[in-house]
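Visitor: Take a look at the following structure, please.
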Amino acid sequence: MSTTTVDHAHDHSHDHAHDHPHGFRRWLFATNHKDIGSLYLWFAFTMLLSGGVLALIIRAELFQPGLQLVQPEFFNQLTTMHGLIMVFGAIMPAFVGFANWMIPLQIGASDMAFARMNNFSFWLMPPAAILLVSSFWVPGGATAAGWTLYAPLSTQMGPGMDMAIFAVHIMGASSIMGSINIITTILNMRAPGMTLMKMPMFCWTWLITAYLLIAVMPVLAGAITMTLTDRHFGTSFFNAAGGGDPVMYQHIFWFFGHPEVYIMILPAFGIISQIVPAFARKPLFGYASMVYATASIAILSFIVWAHHMFTTGMPVTAQLFFMYATMLISVPTGVKVFNWVATMWKGSMTFETPMLFAVGFIFVFTIGGFTGLILAVTPIDIQLQDTYYVVAHFHYVLVAGSLFALFAGYYYWSPKWTGFMYNETRGQIHFWLSLITFNITFFPMHFLGLAGMPRRYADYPAQFTDWNTVASVGAFGFGLMQVYFILAVVIPSIRGGKAAPAKPWEGAEGLEWTVPSPAPFHTFEEPPVVK
Amino acid sequence: MSTSNAKAPYYFVPGPSKWPVLAGASLLLTMIGASAWVNAVSWGSYVNFAGIFLTMVVLYNWFGDAIAESESGKYSARIDVSYRWSMSWFIFSEVMFFAAFFGALFYARSISMPWLADLDHKVLWPDFSAQWGNAGPAGTVEAFKTMGPFPIPTINTALLLTSGVTLTISHHALRAGHRGTTAFWLAATVLLGAVFMGFQVYEYMHAYSELNLKLTSGIYGSTFFMLTGFHGFHVTMGAIMLSVVLYRVLKGHFTPEQHFAFEGAAWYWHFVDVVWLGLYVVVYWL
Amino acid sequence: VVDSQGGPAVRQLNLQTPVTQIAEQIYSIHNLMLVICLVIFVAVFGVMFYSILKHRKSLGHKAASFHESTTVEIAWTVVPFLIVIGMALPATKTVVAMKDTSNADITIKATGMQWKWGYDYLKGEGEGISFLSTLSTPRTQVGSPGVAPTEARGDNYLLEVDNQVVVPVNKKVRIITTANDVIHSWTIPAFGVKQDAIPGFVRDTWFKAEKIGVYRGQCVELCGKEHAFMPIVVNVVSDDDYKKWVDTKKKEMAAKADDPNKVWTVDELKQRGEKVYAANCVACHQASGKGVPGAFPALEGSLIVNGAKAGQVGILLNGKNAMPSWKSTLSDTEIAAVITYTRNSWSNKAAENIVQPAEVLAARK
Ligand code: HEA
Ligand code: HEA
Ligand code: CUA
Ligand SMILES: [Cu+2]
């Protein structure tokens, strides 16, 4: 075969990797991991604001008992779409954005293993978002079955449900391709000399996360495909009359769903494990045990799913098994927390914004972890399942966990991305006010849950009023802080500011700090050698 | 373009490409069409087909680019390894997809069916007894006969197993550099796949017209058709992949050393084979 | 607002006051867990904040260089493991006790429906009693977007029903749950009981209330738009009072029972049907009969309502898509009445304008 058959315009040079397209083509046709990473991050932040606006409507409605702003059916749509958008649109893509930006830089690779497929993974997200969001305007509105899409309620929904199902299919395809890309990059493109056990923690956590994604996204696809055929093609998977079982949906869903929550936290652990040593100016304590702990969490995550289903009525042996298995996860997670603390111990610490968010993460995530542990105890879970205690639990691990880690990572690496230092004072304001308003929003929800307030409620008994009011006020404060973040921190630091040196953090280590800031369009075309 | 014997770059990174974003847009169209179609909106099917067609066109061009890059010597051995990893993980994801449906079959048979028939459930379903071929306790499903392993599924098993052998012969021939033999056995493999699909279609017609076994036949029909249906779909995909590979064999794209496209498609084919064996045992025999 | 008796208190911080042994145990396990977690929390973060305060660069602290210690790492794997086991042990006992539904004095079936509960006393004293239980808080207390509530909210706002479940004190009551349409969940926090009600399946749970009083819970599984409006109220009474209640209830039921062969006039059926409609259908199809576009079909002008009556009878009996089956919820008379009502209301003037209970009975086969 002669090489001259290649006739694409961009393929003309011997080293076409040097083209640096401009304008809209740069973004639409991107094959550069940094550009694609930025696309993911912008997309995710847009979704965070959209999902956040839905949350704020929820909180506004719950400010007082009674129905003031929205009808209950619309309220359920809000809750459902808030969950779906935050999980699939905000948190997951944001971590993929970090993976795109940082993994090649951290392992000394020129790009992701499959640059074009990488772009495809991204360009599946906007179509999915369009499907999801536009479903609000079809007859019957968006799906209102909860982000868990439990059958048979999901069978009752209108066309909005089908759009959500197809959107999740697309996002699943995106996640699977993205994960294959990440795994292949990490396994096959590390610079010579960088053994797996020398690899930065962030890469390790993503390697394991990607494995989880490939294992469970297809299962979710299966579950919603069955929902689709039950809805339209007369199958009886989740219909007892035809010999199926609604609870089977829950088993399949949570086989995906529980690993999914670790998909949203393991990369966060990775980011924190980069930042804490950098600002303690001391190597990460227990690197090897961090790797093993991450792997243990991932493996255990496959055998705990039914802790979301204690009230469905399982045999007692199943309840006990899932309780024990779930509680075991706190052991490897504890190892991580202890390792971080030991890394700080006798360090030489400074507290720039990344470190503040990292410490804030450890502190608040642990609260969420403990409430998780409390929920894992079957009898207590039976009291608390489907109450606001659960809502409190998962916002502690998702907002103060995943989201705070994302902020920490942003402050840590944005100098490398933009070439400018963010404004430190504003970063600190963002941290402190986010931390405070976060707790004002979500801490009272523990009380509400213990007292028995059910979740996904458009209206509630008047005894719950006061804590709801507090939470609603906090939510608006927290939302405001995120607007502050984008307007006062992110945008100014893209436009300009103090020029960032190649390595802005004294204690930071890793290949990403060996390239200039901002990172040139192409890095490591010939791999560096790691000793 | 450099001469064909120039050294490949350390790791080839393709330049900007319009295919991914176009593929995303075509899929959006496909899904909008599908959402409308399942809700009986008149334009749904057209939009859906248009989307699928456009996706195909985009993929055709995309893969064309990739093949051209490969043929012009841009792919180093390292890229070959990447392809191997990616194909393995892709197949793993497919395994998990089938696991969901096998899991559903297991759950429905071994957990919910006995449950529905136990003493407590007499309150709701006084006459239900746990017997596979289960179409549910409500009696809303028309009577049907279940599908046994003879003769079609057994013939199909033989066909697929044989196709695994022919494919291996073809691979050995490729490694020995015999293009003609490679093509012959590869063609035989595709043919066996096609015959398999022919039988499968016949089996479905038999089920619908003589056994009254339908997709709507309760959980039995649901699991039967969804499992065998998705498998059949994968056989079709595999056969298409092998056909493309056959075309490329005839074009002389592969060398005895470098022919990952062949191997990837072969892995996929074997995977489809293994899934069939699982189906043969749990769907038809048990 | 004041505390709800048997429900949540104002600004309550912990679980509701337990009135069964199980709830008692849950309460104390929860307190125990809370204390252990707090202690660990204080210990871990005590160390962390000590370090944060002392090991700062600004204080001139120089970083040490240690980065592993097998001993410490094994210790902090093993110790949490033991703590977790310690937590699981008392919980195990409670789980086993909660699952033991044998030897109940009274068995009640609770059926979740969009959006109310149906109760059937299956075994024990009171056998045969059955009734529906619907939210009794008037919508005028709830309000709706743009419409302020016109009535002050009561103490048990959203926690009160028209027909309470009545059970005797100190008796083991087994609740078996099921549902007609989607999953609901039956709970009374004060009893430490929560059990999903799954359509087509039955599940069970039990309680033995030790204190006379009224106890309140709410449906806790998302079940559609009125999910927040289907509370559960259990009235625990003394043995004597229970006997009395069973008596009156039985008499009431006997008086109400309709003879399915009685022949009614259109107006009689319309009158009866209006009540049935208000209690069962209005949530979806609306008082105006116009439904909710895209979600719930209009009855006004509907082809089914104005067409042959057999079709409408079939749909009421067997359900269709989101429309549940009313076979087991409504009596023949009620079904006949509500059909007749819809055929003669709003702008509907169906040709076949009356359905007699006997016809429904026949259609049931
Ligand atoms: C980032 C996401 C995330 C994370 C990390 C977790 C972590 C955990 N979760 Fe959570 N969870 C969710 C997201 C997450 N969860 C979501 C979204 C839901 C609700 C879904 C829905 O219904 O919509 C949910 C619901 C949920 C339930 C079901 C509640 C219900 O619906 O009834 C349970 C029950 O077991 C549970 C348990 C746990 C446990 C045990 C952990 C553990 O991994 C936590 C481990 C951490 C620690 C324990 C703290 C640190 C440890 C130490 C300091 C060591 C010392 C500790 C001891 C010795 C005890 N979670
Ligand atoms: C994954 C991450 C994630 C994140 C980040 C959040 C963030 C928030 N969540 Fe979320 N939440 C979930 C995941 C998440 N949630 C899930 C999975 C559920 C379960 C859904 C279900 O039950 O099915 C849930 C459910 C849930 C409920 C329960 C609803 C119910 O049961 O009915 C509530 C109630 O308060 C709530 C509140 C909030 C609030 C106040 C925030 C805040 O952090 C949001 C902060 C706000 C912003 C960031 C917006 C800022 C923007 C503006 C101020 C306006 C800007 C204007 C323009 C852009 C024009 N959430
Ligand atoms: Cu019934 Cu929620
Ligand atoms: Cu979980």
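Cβ from N, Cα, C; glycine included.
From TrEMBL, here are the annotated features:
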DOMAIN    B:7-286  domain 'Heme-copper oxidase subunit III family profile'
TRANSMEM  B:21-40  transmembrane segment
TRANSMEM  B:46-68  transmembrane segment
TRANSMEM  B:89-108  transmembrane segment
TRANSMEM  B:150-170  transmembrane segment
TRANSMEM  B:182-202  transmembrane segment
TRANSMEM  B:222-247  transmembrane segment
TRANSMEM  B:267-285  transmembrane segment
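Context for these features, please: burial, neighbours, distances.
Guide: For the transmembrane segment (B:21-40), same-chain residues at least 6 beyond its ends with a Cβ under 8 Å from one of its own Cβ atoms are 46-52, 54-55, 57-59, 62.
Nonlocal intrachain contacts for the transmembrane segment (B:89-108), taken as residues 6+ away from its ends with a CB within less than 8 angstroms of a stretch CB, comprise 134, 219, 223, 226-227, 230-231, 234, 267-268, 271, 275, 278, 282-283.
Sequence-distant contacts of the transmembrane segment (B:267-285) (same chain, at least 6 residues past either end, Cβ-Cβ under 8 Å): 87-88, 91, 94-95, 98, 102, 105-106, 147-149, 153-154, 156-157, 160-161, 163-164, 167, 189, 193, 223-224, 227-228, 231, 234-235, 237-238, 241-242.
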Visitor: Which residues, given as numbers and ranges, are at least 6 beyond the ends of the transmembrane segment (B:222-247) yet have a Cβ under 8 Å from it?
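Guide: Result: 63, 94, 97-98, 101-102, 104-105, 108, 147, 160, 167, 183, 186-187, 189-190, 193-194, 196-197, 200, 204, 213-215, 261-262, 264-266, 268-269, 272, 275-276, 279, 283.
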Visitor: Across the domain 'Heme-copper oxidase subunit III family profile' (B:7-286), what does the mean pLDDT come to, as a whole number?
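Guide: Mean per-residue confidence for the domain 'Heme-copper oxidase subunit III family profile' (B:7-286): 92 out of 100.
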